[in-house]
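A.B. asks: I'd like to ask you about the structure that follows.
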Amino acid sequence: MVLQVWETLKETITAYTGLSPAAFFTVLALAFAVYQVVSGFFVSDEVHRPRSLEVQPESDPLPPPVQLGEITEEDLKLYDGSDSKKPLLMAIKGQIYDVSQSRMFYGPGGPYALFAGKDASRALAKMSFEEQDLTGDISGLGAFELDALQDWEYKFMSKYVKVGTIQKKDEERNKTSEPSEAKAASAEGLSTDIGEEASETKAASAEGLSTNNEREASAVTHDETSRGIDEKIAETTEKKDDHDVAKE
């Protein structure tokens, strides 16, 4: 079908112009080039100026990030981009980042606008846009999802400024404090046990030392008593000998 159309076109060109198809298209290309050159003399430069050379209006510089410290999730919702005077914030794993420089992505109308003003850890890990996944709860996620979340966190840490953290709820604080209290109690009990053992060791050492001292004192007394008896026997013997000599 295409070949038939092409053959018909060649015959038509030859019949009406007297030129071969190659010559006809060559003349047509030259005519177009001449038109472009001639029209350039009558059209202003502004029409042909490339868009890249046009002066783009300068956007207002972004204000420096403001450190918020520890805020609640309710307070974070105030920075979802609905108020252009406030910074655009988003949180990952409880860490809040200023994403104002990417307002076209996270601001109103952007593809990730629903993440703004929230801790979207679970949604980012699962690449989900469901409302129930817009939370910082990452319990029950698989290894692959946790790796994906870690990649997002590295990206935010390298690109955006951290401006605060999300305040933990009372239940989470209690869960966090319970292990600390248990550790403190365990440490206290261990310290008490060590103190008691040390006291018992000291008492046993003192008792053993006292027993040894008593034994040494008894031994010294026994030695002194034996020496006294020996001295008396010797003295009595000397006197007896002297008495015998006097009789003789």
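Glycine too: its Cβ is placed from the backbone N, Cα and C atoms.
All TrEMBL annotations are machine predictions without curation.
Checked TrEMBL, it gives:
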COMPBIAS  169-181  compositional bias 'Basic and acidic residues'
COMPBIAS  213-248  compositional bias 'Basic and acidic residues'
DOMAIN    71-167  domain 'Cytochrome b5 heme-binding'
REGION    169-248  region 'Disordered'
TRANSMEM  22-43  transmembrane segment
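Would you situate these features in the structure and describe their surroundings?
C.D. replies: Under DSSP, the residues of the domain 'Cytochrome b5 heme-binding' (71-167) split into helix, strand and coil as follows: 43 helix, 16 strand, 38 coil.
Only residues 6 or more beyond the boundaries of the transmembrane segment (22-43), in the same chain, are considered here, and those with a CB under 8 A from a CB of the stretch are 13.
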A.B. asks: Restricting attention to the domain 'Cytochrome b5 heme-binding' (71-167), give the mean pLDDT.
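C.D. replies: Here the mean pLDDT over the domain 'Cytochrome b5 heme-binding' (71-167) amounts to 93.
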